[in-house]
Amino acid sequence: MINIIKKLSDEINKKRVNQYLFFMIASILTVLFMGYYFGTFDQVVHIPSLKKLADPTLYPDDKYLELSKYHYSYFWYFFVPFYRLHILEISMFITHLITVYLTYYALYKLSKTLFNSPLASFFSTVVFIIPHIGFAGFPVFEFSLLNRTFVLPFLLLAIDFYLNKKLALSFIILGIMYNFHVVSVNFVLAIFFFDLFLRIKFINVKKTLYSLLSFAVTASPVLIWKFSNSGVDTKLNWEWFNIINKGILYHIFTLVTINPSVLFLVLSGASLYFIFFFALKYSKSPHNPTVVNFVYASLIILSVQILATAFFPLTIIIQSQIIRVGIFVLIFAYIYFANFLSSEVFKSNRNYDLKVMFGGFFLSLTPIILVIAIIARNLIRSRLIFFISKLLLIMGFIGLLIMVYMINIWKPGIHIYPTHDELYDVEIWARDNTPKDAIFITRPDLWWLYNIEWRVISERSTVVTMSDLLETAFVPDYIKYWKPRFESVAPGAINQFNGDIIKNFKTASKAFDSLKEEDFMSISNEYSAQYLVVEKKNKLNFQKVFSNDKYVVYLLFLDK
């Protein structure tokens, strides 16, 4: 079997057309496995902002939409013409496919630069078809188009050019991508600067300065936007941090915890370092010292996050969400382990431990399983133990898939257009039957990975939602606006937030369901909300204007 794979990898390496076909197949399999969704997850922040860019009359006086001016990215501006042409959804899906394809191209190219092994490059590509998670739970490929996913292949190419000593080209790419996703580029800049600092005696100063100038020029559009709008915020803001951290972003900010789900993600991320340094021993790449510097830089970055979240939550550090640097650790760990497998695979036909590590490499959703396989490799010497290990690996993979599917974390399916459900019907009714300045009181918990949030389709404002915290993480001052509103629609919920996002949603839902008619009227008067959306089980004495199997929309009469 391995000889067939070796021959296949050689054929792919020989011809560009074979590589392109290989990347295409990998891209299709990835999208089928991960799924694709429009208007969900982090897109609930970007789609309404995009629509307001195209039509400034939407969401009038909605303070939440004003936060987009602090979201320093030109990425979504490119989709405004497609929205106006009514082809936004298909254009975003095509861009997503191209992004996945380019990411595979970049992964293959990076592996080739590091190891010059067709088999290692083949493994480095195939391994990411099935997702592997690290810190904060982010895989390499996600199920929707985001500016961070779009820039990833270009950042990998920048790393590749850096390793090949094409410094100027690398920094030009980083500068261009800075206009699309500042946070992701900052991570690559950080690991580059750390490496340059350690090799300061050997670098070409003139070439380095020219490269940095190239970055400054190509990144200037977003830099001008940023520093003409706001500077670098170094204030401490415990109230803001505690709410966004305990509310919905605990997995992003917390590395020291006893919360089971977040601890699992932290251990998954830590496992990546074990995998990398294990595989490093078997690598003869001339680029090892540079990549090791990159990995050490990521450790320093994560250490800063631990200190910041525990003792001094400086705004700029929290805004940077620096745990996301882990995506590059994940990539280096798996690429280096791919090289280890490619170099060891021909040494023994009865190498049971290597076969189990193969399985752990390709089938483990979490790198913890691969670490267990590595640690236990000396125990896997007989056919019986090999069979048991293989069975446990397959059962663990299937079991994890079933678990993440049941808790709605993994939901494959291709949804180029918004998913049609009862909430979608309500939003369509609101869009088509209410004025653009209409304000709704909606449940605060109408958001999840695969759910469409209120503003996305309705194009109407809401008093407050829990998902507003996604954007509040970048604008601390908004918490003063958000908190009293949320307290109105979910009284007492904030004080019960404990970092468990699923429990927090249930808490907010229960608090909203406790509201009485007089509470809704008070909220209506306070925030000029004309409409109320509740589940059908809530029977209220207001004028009903729309209903379906799950929701009812009421018209509220404001006290003057």
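Quick reminder: no glycine exception, Cβ is built from N, Cα and C everywhere.
A TrEMBL annotation is a machine prediction, not a hand-curated record.
Quick look at what TrEMBL annotates:
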type	residues	note
TRANSMEM	20-39	transmembrane segment
TRANSMEM	90-107	transmembrane segment
TRANSMEM	119-138	transmembrane segment
TRANSMEM	145-163	transmembrane segment
TRANSMEM	169-197	transmembrane segment
TRANSMEM	209-228	transmembrane segment
TRANSMEM	248-279	transmembrane segment
TRANSMEM	291-316	transmembrane segment
TRANSMEM	322-342	transmembrane segment
TRANSMEM	354-378	transmembrane segment
TRANSMEM	384-407	transmembrane segment
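With Cβ pairs under 8 Å as the measure, the transmembrane segment (169-197) is packed most heavily against 209-228, out of 209-228, 248-279, 354-378.
Proximity of the transmembrane segment (90-107) to the transmembrane segment (145-163) is established through 3 or more Cβ-Cβ distances under 8 Å for residue pairs spaced 6 or more apart.
Residues of the same chain lying 6 or more positions beyond the ends of the transmembrane segment (145-163) and with a Cβ under 8 Å from any Cβ of it are 42-43, 46, 73, 75-76, 92-93, 95-96, 99, 102-103, 105-107, 109-110, 113-114, 169-171, 173-174, 176-177, 180-181, 183-185, 188, 192, 287, 290-291, 294, 324, 327-328, 331. For the transmembrane segment (291-316), the partner stretch with the most Cβ pairs below 8 Å, chosen from 119-138, 248-279, 354-378, is 248-279. Only residues 6 or more beyond the boundaries of the transmembrane segment (354-378), in the same chain, are considered here, and those with a CB under 8 A from a CB of the stretch are 123, 126-127, 130-134, 264, 267-268, 271-272, 274-275, 278, 330, 333-334, 337-338, 341, 344-345, 348, 386, 389-390, 393-394, 396-397, 400-401, 404.
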